[in-house]
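Noted in TrEMBL for the protein shown:
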- 33: N6-(pyridoxal phosphate)lysine (MOD_RES)
- 238-338: domain 'Alanine racemase C-terminal' (DOMAIN)
Ligand SMILES: *Cc1c(COP(=O)(O)O)cnc(C)c1O
């Protein structure tokens with residue numbers, strides 16, 4: 001069998017339930033960027049719906065539209081700054097838009113006017129990351145403009161949100177103060193947002209005081225733990241990358257997955273699998289593995305996932321996050337759902 005990503009629906013659904021219970025009464029927004037962290041967007045949407053997920057996070061509009069096709073009733077949040085055409089399509093499909101810049105607010109209002117249909121928006125305050133987000137000094141002006149558009153029936157301000165740096169608890173506490181002040185200013189200007197959302201996986205899980213009414217959670221739902229983070233109660237990796245031994249070499253054996261299929265070539269030396277194996281090197285088209293046990297052609301090797309190390313264990317070996325290991329697995333590697 002060729003290399004494949006084996007994905008357990010039962011494990012994923014269990015994770016989603018565990019996360020939802022953990023963060024209640026905050027509601028879960030299941031984040032599905034990068035094709036649901038490499039697991040497959042359509043599959044993840046169907047599984048989420050099956051366990052009662054009502055909010056999905058898409059990042060970009062094309063993905064939001066795909067989720068809409070699978071989930072006609074769900075709320076879907078897309079926060080990438082998007083083109084006029086994409087904004088128009090999002091308004092037609094009833095997708096909630098994240099607004100992190102004044103210009104972008106104007107674009108969305110203009111598209112809502114053309115569509116004769118209000119856009120549902122969530123205003124993003126910059127709480128310190130300095131990426132996308134309205135700066136605190138500009139907040140009141142943007143809020144005033146958004147409120148005028150709301151009074152004119154062009155937008156509905158459905159939420160206020162931000163993203164945490166998670167560099168330290170103290171930084172996140174500072175971010176929370178800025179976030180709270182922004183929400184208060186919106187309400188003082190007559191806004192009535194349904195939702196406040198600030199936290200992703202790690203802070204939603206560990207810091208209840210930072211949770212708003214929604215938690216935007218990706219990694220933990222897929223069972224990807226944080227770098228240097230603990231294992232999580234009730235949460236397990238949903239995906240395993242497995243490949244079969246194709247032949248034996250001097251250093252070890254070759255398996256049929258290589259850098260072109262998405263394994264970073266810098267992973268040499270990383271421990272893998274259930275047979276105390278180690279990656280010797282990752283070449284263009286194959287991966288060489290050494291093992292304390294004898295591996296034979298046809299034997300299957302677990303690169304990561306249940307039966308082996310976790311994606312985050314591999315990621316720590318090359319100073320990145322587990323999400324990146326998953327999202328770098330090429331779409332050419334078949335996803336096998338059980
Ligand atoms: C990726 C992302 C999330 C989800 O983060 P996880 O750590 O995977 O839970 C939430 N919000 C935003 C804005 C994101 O980009």
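Numbering starts at 1 and runs along the chain as displayed.
Every residue, even glycine, has its Cβ placed from backbone N, Cα and C.
Just so you know, TrEMBL annotations are computer predictions that nobody has curated.
Counting residue by residue with DSSP, the domain 'Alanine racemase C-terminal' (238-338) contains 19 helix, 34 strand, 48 coil.
The Cβ of the residue listed as 'N6-(pyridoxal phosphate)lysine' lies under 8 Å from the Cβ of 57, 58, 59, 60, 63, 218, each of these being in the same chain and 6 or more residues away along the sequence.
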